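Peer 1: First, the structure itself, so that you have it in front of you.
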Amino acid sequence: MTPGHIWTLPLLWTVIQTEAKSQDVQVTCFYARDCILPCVFAPVGGELVRWYGPGNSLLVSSGQNDPQDQTYVGKAVLFEDQVALGNGSLLLQHCLPQDRGRYRCHVTGQQEAPDTTVTVRVEAPMRSLVLETSRLSGYEELLCATRNVYPAPRLSWSTQPPTAKDALRQTTHKRATKGLYTLESKLRKLRGKSSVTYVCTVTAAYGAQTWRASLRETEVSSIKGGDLMLPCKAPGDLRDFTLTWSFLPADHPLLILTYNSSTQWTAQEWAGRAQLDGLRVKAGDGSLKLQNLQNSEHSGTYTCSFKAHRNTHVVHIRVNVTTSERAEAGQASSSWWIAAVVVAVLAITMAAVIGILKLRADCSQSEKRMEEATVMQPIQDKTDTEISSENFHLADHQCDGHT
């Protein structure tokens, strides 16, 4: 028991200081872990300590071999050498939900001491809260889940900006496995409202813990070769957070950067292509600037994730990178001009060919008529013959000039 004394004493003294004025104590024990039930008194000498469990069965006693509840043999342990010092606390090992209830410490001796009643609560605290999109039921839904919790926590949905409660259609299921609960809740997305932040809040049954997860989805477009600012801001009450940006072009996410608000340290994977505003990010503005966007390379889903103690905020941004309208208009105009020039050249060429062929045909007919005229012409004097001959040769030269 000596090792146990070392780690139990600080807790014991805390209990003594806070509960000295009352003999009723409430203790929360964690699932599957050891727990101390306090019982302290002013020692005079010869005190006997007995512990009774739920149902008033005797669990353990000091200095005597009293009949003991067999359920607690090896589970409920007294620190025998501490009884003489006024410490009758009980070590309850490997606590489970069935160990909940009221325990009583009874001390007898030369000077009677009042009984100490200890109410034991067993808790398996939440370790995580998941909020993600789901389409398994055929609808666009949000799934909020926490697992391995005891007792079953309370879950609620809300939106920013606020939405009427009756407009939030949700279904919540809980199931127990080995005494621990799994809680799952689905919420249908609101139709026609793309810029809504969905918030899932889960509170422990004892009220000691509250976890919060929020999710937002949006879509933006940009032009090839330009810059783009992806907006992402943390909830106003978020402190000591880690910011992560990732990119999902297909099936495997790619890490862009991470930022730690406590150390103000940034790990860059896309140096020169993406950057944060060093001043704004300290205040929770994690907006990311993308530079020199390319169509296929930068189109996809970007995810901004803020994580802090019991609080997460996620933003999914679908980015479509397209060619600019001016460039498209310029390309279309250039194509029309090229087509027009080609058509014009072809038309001119065809017109020239047709003109040449027609001219040749006219010349052939003219030559034929001249030959016929020469053959049929009667013999005249020399002067008329010379004139006719000159006219004939003049016609020949004109056709030759066009061929």
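Cβ from N, Cα, C; glycine included.
According to TrEMBL, the record shows the following:
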- 1-20: signal peptide (SIGNAL)
- 10-108: domain 'Ig-like' (DOMAIN)
- 114-221: domain 'Ig-like' (DOMAIN)
- 224-322: domain 'Ig-like' (DOMAIN)
- 336-359: transmembrane segment (TRANSMEM)
Peer 1: Mind looking up the mean pLDDT for the domain 'Ig-like' (10-108) in the predicted model?
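Peer 2: Reported value for the domain 'Ig-like' (10-108) is a mean pLDDT of 86.
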Peer 1: For the domain 'Ig-like' (114-221), how many residues does DSSP put in helix, in strand and in coil?
Peer 2: 3 helix, 67 strand, 38 coil
Peer 1: Which residue counts does DSSP yield for the domain 'Ig-like' (224-322) in the helix, strand and coil classes, in that order?
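Peer 2: Per DSSP, the residues of the domain 'Ig-like' (224-322) fall into 7 helix, 50 strand, 42 coil.
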Peer 1: Go ahead and report the DSSP secondary structure tallies for the domain 'Ig-like' (10-108): helix first, then strand, then coil.
Peer 2: 20 helix, 35 strand, 44 coil
